[in-house]
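J.: Encoded as C-alpha coordinates, here's the structure I'll be asking about.
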Amino acid sequence: MKLLERASGTAYSLRSAAVLRIGTGLLSLAYLLRDIGDAGVLWGPEAYWTPEMALELNALNGWTGFYTVAVTESPVLWWVFYGLAVAVSVLFTLGWRTRVTSIAFAVLVCAVQFRTAFVNDSGDHLVRLLAIYLACTACGRVWSLDGRREWSPPLLKGENEELRRRVVTLTHNLALLVIAGQVMIAYGAAAMYKIQGSTWRDGTALHYALHLNAFTPWPELSHWVAGQSALILGLAYLTVFTQLGLPFAVFSRVLKYPFLIALLGSHAAIAVLMGLPLFSAAMVIGDMVFLGDAFWIGAAVLVKRGSGGRAPGTPRRDHRGEAAVLSRRSPG
(Lines of atoms letter the chains of each structure in order from A and count residues from 1; the text may use other names and numbers.)
(Lines give C-alpha, C1' and ligand atoms only; values in the text may rest on other atoms or scores of the structure.)
Protein backbone atom coordinates (compact mmCIF):
# COMPACT_ATOMS: atom_id res chain seq x y z
CA MET A 1 0.00 0.00 0.00
CA LYS A 2 2.87 2.37 0.73
CA LEU A 3 4.24 1.77 -2.75
CA LEU A 4 0.84 2.48 -4.30
CA GLU A 5 0.49 5.60 -2.17
CA ARG A 6 3.84 6.87 -3.35
CA ALA A 7 3.27 5.95 -7.00
CA SER A 8 -0.12 7.66 -7.11
CA GLY A 9 0.78 10.62 -4.90
CA THR A 10 3.61 12.30 -6.81
CA ALA A 11 4.21 12.57 -10.55
CA TYR A 12 7.89 11.81 -11.07
CA SER A 13 10.25 12.92 -13.83
CA LEU A 14 7.96 15.60 -15.24
CA ARG A 15 10.89 17.33 -16.92
CA SER A 16 12.09 14.07 -18.45
CA ALA A 17 8.59 13.54 -19.82
CA ALA A 18 8.67 17.07 -21.24
CA VAL A 19 12.01 16.41 -22.94
CA LEU A 20 10.61 13.19 -24.41
CA ARG A 21 7.59 15.15 -25.66
CA ILE A 22 9.68 17.87 -27.28
CA GLY A 23 12.18 15.44 -28.77
CA THR A 24 9.57 13.04 -30.11
CA GLY A 25 7.50 15.87 -31.57
CA LEU A 26 10.50 17.45 -33.29
CA LEU A 27 11.68 14.10 -34.61
CA SER A 28 8.25 13.27 -36.01
CA LEU A 29 8.16 16.69 -37.64
CA ALA A 30 11.61 16.07 -39.14
CA TYR A 31 10.49 12.75 -40.63
CA LEU A 32 7.30 14.25 -42.05
CA LEU A 33 8.98 17.31 -43.56
CA ARG A 34 11.95 15.34 -44.88
CA ASP A 35 9.70 13.00 -46.85
CA ILE A 36 7.00 15.49 -47.82
CA GLY A 37 8.14 15.55 -51.45
CA ASP A 38 7.79 11.78 -51.77
CA ALA A 39 5.01 11.24 -49.23
CA GLY A 40 2.44 10.49 -51.91
CA VAL A 41 4.41 7.56 -53.32
CA LEU A 42 5.64 6.35 -49.93
CA TRP A 43 2.37 6.32 -47.99
CA GLY A 44 -0.29 7.96 -50.15
CA PRO A 45 -2.62 6.67 -52.87
CA GLU A 46 0.29 6.43 -55.33
CA ALA A 47 2.22 4.00 -53.11
CA TYR A 48 2.95 0.50 -54.41
CA TRP A 49 1.38 -0.75 -51.15
CA THR A 50 -2.27 -0.30 -52.06
CA PRO A 51 -5.02 0.55 -49.55
CA GLU A 52 -6.37 -3.00 -49.87
CA MET A 53 -2.97 -4.46 -49.02
CA ALA A 54 -2.60 -2.12 -46.05
CA LEU A 55 -6.00 -3.11 -44.66
CA GLU A 56 -5.28 -6.81 -45.18
CA LEU A 57 -1.90 -6.60 -43.43
CA ASN A 58 -3.47 -4.75 -40.52
CA ALA A 59 -6.15 -7.43 -40.18
CA LEU A 60 -3.65 -10.32 -40.46
CA ASN A 61 -1.48 -8.88 -37.70
CA GLY A 62 -4.41 -7.93 -35.50
CA TRP A 63 -3.20 -4.35 -35.25
CA THR A 64 -5.38 -1.64 -33.77
CA GLY A 65 -7.90 0.06 -36.02
CA PHE A 66 -6.41 3.55 -35.79
CA TYR A 67 -3.40 2.34 -37.83
CA THR A 68 -5.72 2.43 -40.86
CA VAL A 69 -7.11 5.93 -40.32
CA ALA A 70 -4.99 7.32 -43.18
CA VAL A 71 -5.77 4.48 -45.60
CA THR A 72 -7.66 6.15 -48.43
CA GLU A 73 -7.67 6.28 -52.22
CA SER A 74 -8.43 10.00 -52.23
CA PRO A 75 -5.30 12.15 -52.73
CA VAL A 76 -7.05 15.16 -51.19
CA LEU A 77 -8.07 13.27 -48.07
CA TRP A 78 -4.62 11.75 -47.77
CA TRP A 79 -2.92 15.15 -47.81
CA VAL A 80 -5.41 16.39 -45.23
CA PHE A 81 -4.26 13.59 -42.94
CA TYR A 82 -0.63 14.37 -43.68
CA GLY A 83 -1.13 18.07 -43.02
CA LEU A 84 -2.91 17.28 -39.76
CA ALA A 85 0.01 15.07 -38.73
CA VAL A 86 2.42 17.95 -39.33
CA ALA A 87 0.23 20.45 -37.46
CA VAL A 88 -0.35 18.14 -34.50
CA SER A 89 3.40 17.42 -34.30
CA VAL A 90 4.01 21.16 -33.91
CA LEU A 91 1.29 21.56 -31.26
CA PHE A 92 2.48 18.49 -29.36
CA THR A 93 6.05 19.78 -29.35
CA LEU A 94 4.89 23.13 -27.98
CA GLY A 95 2.74 21.44 -25.35
CA TRP A 96 -0.57 23.02 -26.33
CA ARG A 97 -3.63 21.24 -24.88
CA THR A 98 -1.39 18.24 -24.42
CA ARG A 99 -4.07 15.92 -23.09
CA VAL A 100 -5.82 16.12 -26.45
CA THR A 101 -2.91 16.69 -28.82
CA SER A 102 -0.91 13.77 -27.37
CA ILE A 103 -3.70 11.37 -28.35
CA ALA A 104 -4.11 12.98 -31.78
CA PHE A 105 -0.34 12.86 -32.24
CA ALA A 106 -0.18 9.13 -31.48
CA VAL A 107 -3.09 8.34 -33.78
CA LEU A 108 -1.95 10.43 -36.76
CA VAL A 109 1.74 9.53 -36.60
CA CYS A 110 0.97 5.82 -36.38
CA ALA A 111 -1.69 6.08 -39.10
CA VAL A 112 0.66 7.78 -41.56
CA GLN A 113 3.62 5.50 -40.93
CA PHE A 114 1.62 2.27 -40.91
CA ARG A 115 0.02 3.18 -44.23
CA THR A 116 3.11 1.53 -45.75
CA ALA A 117 4.86 -0.20 -42.88
CA PHE A 118 7.76 -1.57 -44.94
CA VAL A 119 9.38 1.76 -45.80
CA ASN A 120 10.00 2.69 -42.17
CA ASP A 121 13.16 2.16 -40.12
CA SER A 122 13.92 1.57 -36.46
CA GLY A 123 13.88 5.31 -35.76
CA ASP A 124 10.30 5.54 -37.02
CA HIS A 125 9.39 2.57 -34.87
CA LEU A 126 10.74 4.18 -31.71
CA VAL A 127 8.90 7.41 -32.49
CA ARG A 128 5.63 5.48 -32.77
CA LEU A 129 6.22 3.70 -29.47
CA LEU A 130 7.10 6.94 -27.68
CA ALA A 131 4.06 8.66 -29.17
CA ILE A 132 1.75 5.96 -27.81
CA TYR A 133 3.35 5.87 -24.36
CA LEU A 134 3.55 9.66 -24.00
CA ALA A 135 -0.21 9.90 -24.50
CA CYS A 136 -0.47 8.28 -21.05
CA THR A 137 1.92 10.70 -19.33
CA ALA A 138 1.64 14.21 -17.95
CA CYS A 139 4.27 15.39 -20.44
CA GLY A 140 2.75 18.86 -20.81
CA ARG A 141 3.00 20.15 -17.25
CA VAL A 142 6.38 21.84 -17.63
CA TRP A 143 8.27 23.41 -20.54
CA SER A 144 5.01 23.79 -22.43
CA LEU A 145 2.29 26.25 -23.33
CA ASP A 146 0.00 24.36 -20.96
CA GLY A 147 2.37 25.13 -18.10
CA ARG A 148 2.04 28.86 -18.78
CA ARG A 149 -1.74 29.01 -18.72
CA GLU A 150 -3.72 30.34 -15.81
CA TRP A 151 -4.99 27.62 -13.53
CA SER A 152 -8.58 26.51 -13.92
CA PRO A 153 -10.68 24.95 -11.15
CA PRO A 154 -10.58 21.17 -10.62
CA LEU A 155 -12.78 19.08 -12.88
CA LEU A 156 -14.40 17.25 -9.99
CA LYS A 157 -14.97 17.89 -6.30
CA GLY A 158 -13.94 16.23 -3.09
CA GLU A 159 -13.02 12.56 -3.12
CA ASN A 160 -13.78 12.18 -6.81
CA GLU A 161 -11.17 14.79 -7.70
CA GLU A 162 -8.62 13.12 -5.43
CA LEU A 163 -9.31 9.75 -7.05
CA ARG A 164 -8.97 11.26 -10.52
CA ARG A 165 -5.70 12.94 -9.56
CA ARG A 166 -4.25 9.71 -8.22
CA VAL A 167 -5.29 7.70 -11.27
CA VAL A 168 -3.72 10.26 -13.62
CA THR A 169 -0.54 10.39 -11.55
CA LEU A 170 -0.25 6.60 -11.34
CA THR A 171 -0.79 6.29 -15.09
CA HIS A 172 1.93 8.87 -15.73
CA ASN A 173 4.46 7.08 -13.54
CA LEU A 174 3.65 3.66 -15.00
CA ALA A 175 3.94 4.98 -18.57
CA LEU A 176 7.42 6.34 -17.84
CA LEU A 177 8.38 2.96 -16.39
CA VAL A 178 7.15 1.30 -19.58
CA ILE A 179 9.24 3.70 -21.70
CA ALA A 180 12.31 2.98 -19.57
CA GLY A 181 11.66 -0.75 -19.83
CA GLN A 182 11.24 -0.51 -23.60
CA VAL A 183 14.60 1.25 -23.98
CA MET A 184 16.33 -1.24 -21.68
CA ILE A 185 14.89 -4.17 -23.64
CA ALA A 186 16.03 -2.59 -26.91
CA TYR A 187 19.61 -2.22 -25.70
CA GLY A 188 19.72 -5.57 -23.93
CA ALA A 189 18.31 -7.44 -26.91
CA ALA A 190 20.70 -5.66 -29.29
CA ALA A 191 23.68 -6.65 -27.13
CA MET A 192 22.54 -10.27 -26.80
CA TYR A 193 22.06 -10.45 -30.56
CA LYS A 194 25.54 -9.01 -31.17
CA ILE A 195 27.40 -11.45 -28.95
CA GLN A 196 25.93 -14.36 -30.89
CA GLY A 197 27.87 -13.26 -33.98
CA SER A 198 31.52 -14.08 -34.47
CA THR A 199 32.33 -10.65 -35.93
CA TRP A 200 31.32 -8.92 -32.70
CA ARG A 201 33.16 -11.46 -30.58
CA ASP A 202 36.39 -11.00 -32.51
CA GLY A 203 35.87 -7.23 -32.76
CA THR A 204 35.64 -6.88 -36.55
CA ALA A 205 31.91 -6.08 -36.88
CA LEU A 206 32.40 -2.32 -37.11
CA HIS A 207 35.07 -2.78 -39.78
CA TYR A 208 32.57 -4.48 -42.07
CA ALA A 209 29.77 -2.05 -41.20
CA LEU A 210 31.94 0.89 -42.24
CA HIS A 211 32.43 -0.66 -45.69
CA LEU A 212 28.73 -1.00 -46.53
CA ASN A 213 27.99 1.18 -49.56
CA ALA A 214 24.46 1.94 -48.35
CA PHE A 215 25.78 3.40 -45.07
CA THR A 216 28.89 5.35 -46.03
CA PRO A 217 27.98 8.99 -46.71
CA TRP A 218 31.64 9.90 -46.12
CA PRO A 219 33.58 6.99 -47.69
CA GLU A 220 37.05 8.43 -47.04
CA LEU A 221 36.30 9.05 -43.36
CA SER A 222 34.62 5.68 -42.90
CA HIS A 223 37.52 3.83 -44.55
CA TRP A 224 40.05 5.73 -42.46
CA VAL A 225 38.25 4.85 -39.23
CA ALA A 226 37.86 1.24 -40.38
CA GLY A 227 41.62 1.10 -40.87
CA GLN A 228 42.30 1.84 -37.19
CA SER A 229 42.29 -1.76 -35.98
CA ALA A 230 42.82 -1.07 -32.28
CA LEU A 231 40.13 1.62 -32.27
CA ILE A 232 37.63 -0.61 -34.08
CA LEU A 233 38.29 -3.47 -31.67
CA GLY A 234 37.86 -1.23 -28.63
CA LEU A 235 34.69 0.39 -29.94
CA ALA A 236 33.14 -2.99 -30.77
CA TYR A 237 33.65 -4.30 -27.26
CA LEU A 238 32.62 -0.97 -25.72
CA THR A 239 29.39 -1.00 -27.73
CA VAL A 240 28.42 -4.46 -26.54
CA PHE A 241 29.45 -3.72 -22.96
CA THR A 242 27.47 -0.48 -22.70
CA GLN A 243 24.36 -1.89 -24.36
CA LEU A 244 24.41 -4.99 -22.18
CA GLY A 245 25.22 -3.06 -19.01
CA LEU A 246 22.82 -0.13 -19.34
CA PRO A 247 19.72 -2.04 -18.09
CA PHE A 248 21.63 -2.63 -14.84
CA ALA A 249 23.52 0.67 -14.65
CA VAL A 250 20.37 2.80 -14.73
CA PHE A 251 19.57 1.69 -11.18
CA SER A 252 22.65 3.56 -9.96
CA ARG A 253 22.46 7.34 -9.72
CA VAL A 254 26.16 7.63 -10.53
CA LEU A 255 26.99 4.66 -12.75
CA LYS A 256 24.31 5.38 -15.34
CA TYR A 257 25.95 8.61 -16.52
CA PRO A 258 29.13 7.02 -17.98
CA PHE A 259 26.97 4.48 -19.80
CA LEU A 260 24.67 7.16 -21.20
CA ILE A 261 27.64 9.26 -22.31
CA ALA A 262 29.19 6.24 -24.06
CA LEU A 263 25.90 5.49 -25.82
CA LEU A 264 25.56 9.14 -26.81
CA GLY A 265 28.98 8.92 -28.42
CA SER A 266 28.06 5.74 -30.28
CA HIS A 267 24.85 7.32 -31.60
CA ALA A 268 26.77 10.40 -32.72
CA ALA A 269 29.20 8.15 -34.60
CA ILE A 270 26.32 6.25 -36.23
CA ALA A 271 24.74 9.55 -37.28
CA VAL A 272 27.93 10.79 -38.94
CA LEU A 273 29.69 7.68 -40.21
CA MET A 274 26.62 5.70 -41.29
CA GLY A 275 24.37 8.59 -42.33
CA LEU A 276 21.55 7.77 -39.89
CA PRO A 277 21.00 11.04 -37.98
CA LEU A 278 17.28 10.60 -37.34
CA PHE A 279 17.67 7.04 -36.08
CA SER A 280 20.46 8.17 -33.76
CA ALA A 281 18.37 11.10 -32.56
CA ALA A 282 15.46 8.76 -31.77
CA MET A 283 17.69 6.57 -29.61
CA VAL A 284 19.17 9.58 -27.80
CA ILE A 285 15.67 10.90 -27.09
CA GLY A 286 14.69 7.52 -25.64
CA ASP A 287 17.75 7.60 -23.39
CA MET A 288 16.52 10.83 -21.81
CA VAL A 289 13.97 8.87 -19.76
CA PHE A 290 16.82 7.83 -17.47
CA LEU A 291 17.70 11.42 -16.55
CA GLY A 292 15.58 12.35 -13.54
CA ASP A 293 14.35 15.78 -12.56
CA ALA A 294 17.42 16.42 -10.42
CA PHE A 295 19.50 16.44 -13.61
CA TRP A 296 17.16 18.80 -15.44
CA ILE A 297 16.90 21.11 -12.40
CA GLY A 298 20.69 21.38 -12.40
CA ALA A 299 20.72 22.01 -16.14
CA ALA A 300 18.05 24.71 -15.73
CA VAL A 301 20.16 26.39 -13.05
CA LEU A 302 23.13 26.46 -15.40
CA VAL A 303 20.96 27.97 -18.13
CA LYS A 304 19.71 30.56 -15.66
CA ARG A 305 23.22 31.52 -14.70
CA GLY A 306 24.21 31.80 -18.33
CA SER A 307 21.21 33.91 -19.34
CA GLY A 308 20.81 35.91 -16.16
CA GLY A 309 17.07 35.16 -16.01
CA ARG A 310 14.69 32.80 -14.25
CA ALA A 311 15.42 29.14 -14.77
CA PRO A 312 13.25 27.86 -17.61
CA GLY A 313 10.55 25.33 -16.95
CA THR A 314 9.98 26.24 -13.31
CA PRO A 315 7.16 23.88 -12.36
CA ARG A 316 3.76 25.15 -11.36
CA ARG A 317 0.89 23.45 -9.67
CA ASP A 318 -1.23 21.42 -12.04
CA HIS A 319 -4.20 23.61 -13.01
CA ARG A 320 -6.46 20.62 -12.66
CA GLY A 321 -5.05 19.47 -9.37
CA GLU A 322 -3.60 16.33 -10.87
CA ALA A 323 -0.48 16.14 -8.72
CA ALA A 324 1.81 18.04 -6.46
CA VAL A 325 4.61 19.18 -8.70
CA LEU A 326 8.07 18.43 -7.49
CA SER A 327 8.32 19.75 -4.00
CA ARG A 328 10.70 16.82 -3.81
CA ARG A 329 13.13 15.67 -6.47
CA SER A 330 12.78 12.41 -8.20
CA PRO A 331 15.72 9.99 -8.35
CA GLY A 332 18.07 11.37 -10.84
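Any Cβ shown, glycine's included, is placed from N, Cα and C.
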J.: Scan 104-124, 230-250 against TrEMBL and say which stretch is down as transmembrane segment.
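T.: Going through 104-124, 230-250 one by one, TrEMBL gives transmembrane segment for 230-250.
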J.: Restricting to the same chain and to residues at least six past its boundaries, which positions have a Cβ under 8 Å from a Cβ of the transmembrane segment (174-193)?
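T.: Long-range Cβ neighbours of the transmembrane segment (174-193): 7, 12-13, 16-17, 20, 126, 129-130, 133-134, 136-137, 240, 243-244, 246-247, 250, 263, 286-287, 289-290.
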J.: Given a Cβ distance threshold of under 8 angstroms, which distant residues of the chain, six or more beyond its ends, lie next to the transmembrane segment (257-276)?
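T.: That would be 121, 123, 187, 209-210, 212, 215-218, 221-222, 225, 235, 238-239, 242-243, 245-246, 249-250, 283-284, 287, 290-291.
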